[in-house]
Amino acid sequence: MQLSSLSHTSITHKDKKKKMGIELQNHQSHHEEASPAEEPMSRWLINTPEPPSMWQELIGYIRTNVLAKKKHKRNKTKNSSSNLVYSCLKSAFPILSWGRQYKLNLFKKDLMAGLTLASLCIPQSIGYANLAGLDPEYGLYTSVVPPLIYSTMGTSRELAIGPVAVVSLLLSSMVRDLQDPVTDPIAYRKIVFTVTFFAGAFQAIFGLFRLGFLVDFLSHAALVGFMAGAAIVIGLQQLKGLFGLTHFTNKTDVVSVLSSVFHSLHHPWQPLNFVIGSSFLIFILLARFIGKRNNKLFWIPAMAPLISVVLATLIVYLSNAESRGVKIVKHIKPGFNQLSVNQLQFKSPHLGQIAKIGLISAIIALTEAIAVGRSFATIKGYRLDGNKEMMAMGFMNIAGSLSSCYVATGSFSRTAVNFSAGCETVVSNIVMAITVMISLEVLTRFLYFTPTAILASIILSALPGLIDVSGALHIWKLDKLDFLVLIAAFFGVLFASVEIGLLLAVGISFARIMLSSIRPSIEALGRLSKTDIFGDINQYPMANKTAGLLTLRISSPLLCFANANFIRDRILNSVQEIEGEENEQEVLKENGLQVVILDMSCVMGVDTSGVFALEELHQELASNDIRLVIASPRWRVLHKLKRAKLDEKIKTENIYMTVGEAVDIYVRARSTSHELC
C-alpha cells in the first residue's frame with residue numbers, strides 16, 4: 001500500500017512536519033543528555049539484558065513443573081533417606097497425609113455414604129456394562145479396583161469412581177468398528193481392555209508432564225453439547241432393552257436408531273418388557289422428585305434403582321415372566337476381578353486405532369471427572385490438584401485394564417449422591433468398592449432373573465442430569481460463537497457419531513482461536529482526562545486524542561506470519577483515513593499527522609514475518625514524513641527487534657517504555673516548537 005498518493009499537502013505543510021520532527025529529535029537528544037537522575041525510562045528499556053533462550057526456558061519448565069518438589073523446612077541436619085522416601089510417598093499417595101487424622105466420627109459418615117453409593121452403583125454398573133457391549137460383571141469389576149486405587153491417590157473427597165454412561169457409549173460406538181461384540185465377544189473384550197490401558201497411560205502421562213492444558217481443548221460449551229447429544233443417543237439405545245427388541249442397529253446416530261426401532265416394532269415383541277421398564281422408570285423419577293423437594297430424603301432417590309432391581313427381579317422370578325417373553329440378564333459370573341494381563345492386545349493390527357480410542361476416552365473421562373470434582377471441591381472450600389487427579393485416574397485405569405475393568409471416571413450422578421449422603425473423605429469409595437465386591441460373591445445368582453428393561457430404565461433415569469438446558473441458554477446469552485460450538489457437538493453426536501461430534505466441536509473451537517489470532521483488532525487509543533491511562537476511544541468516547549498523534553494498540557498476543565500483513569495493512573488504513581481527513585479539512589494541515597505510536601504491550605511474541613512487517617510499516621510511514629514510535633514492547637519482542645537491528649532503523653529514541661512517556665515527550669517537543677516559531 002502506498003500512502004504518498006494520498007499526501008497531497010502543500011510544501012509548507014511538509015516543511016512544518018520536517019521541522020516538527022527535527023524539534024522532537026532535538027528534544028529527545030537534550031533529554032538523553034540530562035543527568036542520571038532525569039534519565040528517561042526508555043533507557044531502562046533499551047538496556048535490558050537478553051531474555052532466556054528457548055533451551056533455557058525448556059529446562060526451567062522441566063525443573064519447575066515436571067521435576068517440581070514441595071519445599072520442606074530443612075533442619076541443620078540433612079533429612080534422612082527414609083524421610084525423603086516418605087515425603088515422596090505422601091506426595092504420590094495423599095491418603096498417607098490425611099489418614100493419620102482420620103477419626104471414627106468421619107468413618108460413620110463415610111460408611112453411610114459408601115453404602116448409599118453402592119446401592120446406586122450396583123444397578124448402574126450392570127446397565128453401563130451392557131451399554132458398553134460387555135457382560136454385566138465387567139461393570140461391577142470396574143466399580144471395585146479403580147475406586148480402591150483412586151482412594152489412595154486422588155485429591156477429591158466426594159468424587160465417586162466407576163463406569164459412566166458417556167464413556168460406555170464412546171467405547172461401544174468406536175470399538176465396535178474394530179470388532180463386533182456379538183460375533184466375537186472375547187476379541188471385543190480384549191480390545192476394550194487394551195483401550196483402557198492406553199487411556200490410563202495417556203492420563204498418567206498428562207499428569208506426570210503437567211499436560212493438563214490438553215484437556216482444555218474440549219471447552220465447556222463443547223462439553224455441554226457433547227454430553228447432551230450423548231445423553232439422547234444413550235436414551236435411544238435403551239429403547240432396545242425397554243421394548244425387549246431383538247433386531248437392533250449397531251449404529252449410534254439418531255436416524256439409524258429410530259429407523260431400527262420403527263422396523264423392529266413390526267416384528268413380534270412382548271409388551272411386558274415395556275410395562276416393567278416404564279413402571280419402574282416412573283418410580284425412580286418420582287423418588288428423585290421427592291429427594292429434590294426434601295434434601296433430608298436424599299436416600300430415597302439413591303436407593304430407588306436398587307429397590308427397583310430387587311422388586312423387578314422378584315416379580316420376574318415368582319411369576320415366571322421369562323416364559324412370557326420378558327428378557328432377563330441371565331448368567332453373571334460370580335467372584336472377584338480376574339487378571340486380564342494376558343488379554344491385552346499390543347500386537348493387534350489395529351493398535352494405532354486402539355491407541356486413538358484410548359486417547360479420546362482419556363480426554364473425555366478426565367474432562368468429566370475434573371469438572372465434577374472441581375465443582376464439589378468449590379462447594380466444600382478446598383482446592384483440587386488437577387495434575388494429581390490425572391495421575392490417579394491414569395494409574396487406576398492402568399490397574400483396571402489388568403484386572404478386567406474398562407475405562408472408569410468420576411460420575412456426576414453418583415458424586416451428587418455421595419455428597420448428599422454426607423461423605424467426608426474418599427473412604428466412601430472404599431466402602432462402596434467392598435460392598436460391590438461382596439455383591440459379586442453373593443448376589444450374582446439372584447441377579448440372574450433381573451429384566452433388561454429395568455436396567456434400561458435405570459440408565460434412562462440418569463440421563464436428564466447430562467442435559468444442561470440452563471447452561472446452554474447461559475452460553476447462548478453470553479457468547480454466540482461458543483453456542484455454535486455447543487450446537488456442532490450436539491448435532492454431530494446426534495446425527496453422525498460420537499467422534500464426529502467431538503471433531504466438529506474441537507475443530508470449530510480451533511477455527512475460532514485461529515480467526516481471532518489471524519484477524520486481531522487494532523484499537524485507536526485516547527488519554528483519559530487527568531490520568532496516564534490510555535483506552536480504546538470506542539469503549540471510552542470521553543478519551544482525548546492528541547493532535548498530530550495516532551496511538552494504536554495491537555490486541556493480538558502474537559505478531560506472526562499469520563497476522564503480520566493484516567496488522568500492517570490495518571495500521572496503514574488508519575493512517576490513510578487520517579490523511580484523507582486532513583486533505584478535506586484545510587484547517588488541520590498545520591496539525592497534521594506526524595507520529596504513529598504503536599502500543600505493543602499485548603504482543604508477547606514476534607517472528608520473522610512480524611519483524612519484516614514492522615520494518616515495511618516504518619519505511620512506508622517514513623516516506624510520508626511520519627515517524628513510527630514503539631511503546632511498551634515486551635522483553636522478548638524487544639530482543640527480536642534488536643537481533644533484527646530494527647531498533648537502529650527505527651532509532652532507539654523512538655522506543656518507549658510506556659505510551660504515556662511517548663505522548664508526553666511529543667507534547668513537550670511540540671510546545672517547544674511552537675515557542676520557537
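The backbone N, Cα and C atoms fix where each Cβ goes, glycine too.
Positions annotated as domain 'STAS' by Swiss-Prot, on the basis of sequence analysis: 540-666. Annotation source Swiss-Prot lists N-linked glycosylation site at Asn250, Asn418. What Swiss-Prot records for 1-110, 155-158, 292-296, 374-389, 504-677 is topological domain 'Cytoplasmic', and it gives sequence analysis as the kind of evidence. Per Swiss-Prot, the feature topological domain 'Extracellular' maps to 180-190, 235-270, 318-352, 411-422, 468-482. Residues or ranges marked as transmembrane segment in Swiss-Prot: 111-131, 134-154, 159-179, 191-211, 214-234, 271-291, 297-317, 353-373, 390-410, 423-443, 447-467, 483-503.
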Neighbouring C-beta atoms (10 Å sphere around the C-beta of Asn418 (N-linked glycosylation site)): 28
Residue numbers, six or more beyond the limits of the topological domain 'Extracellular' (411-422), whose CB comes under 8 Å of its CB atoms: 109, 112-113, 116-117, 120-121, 124, 158-164, 291, 295, 298-299, 301-302, 368, 372-373, 376, 379, 428, 462, 465-466
Helix-strand-coil residue split for the topological domain 'Extracellular' (318-352), DSSP-based: 11 helix, 1 strand, 23 coil
Selected stretch (most C-beta pairs under 8 A with the transmembrane segment (159-179)) from 111-131, 191-211, 447-467, 483-503: 111-131
Cβ pairs under 8 Å between the transmembrane segment (111-131) and the transmembrane segment (271-291), at least three: no
Cβ neighbours of Asn250 (N-linked glycosylation site) where a neighbour is any other Cβ within 10 Å: 14
Closest-packing stretch to the transmembrane segment (271-291), where packing means Cβ pairs under 8 Å, from 134-154, 353-373, 447-467: 447-467
Contact call for the transmembrane segment (214-234) against the transmembrane segment (390-410), three or more Cβ pairs under 8 Å: no
Stretch-level contact, the transmembrane segment (447-467) and the transmembrane segment (191-211), CB cutoff 8 A, at least 3 pairs: no
Three-state composition of the topological domain 'Extracellular' (235-270), taking helix and strand from DSSP: 19 helix, 0 strand, 17 coil
Rounded Cα-Cα span from Asn250 (N-linked glycosylation site) to Asn418 (N-linked glycosylation site), Å: 34
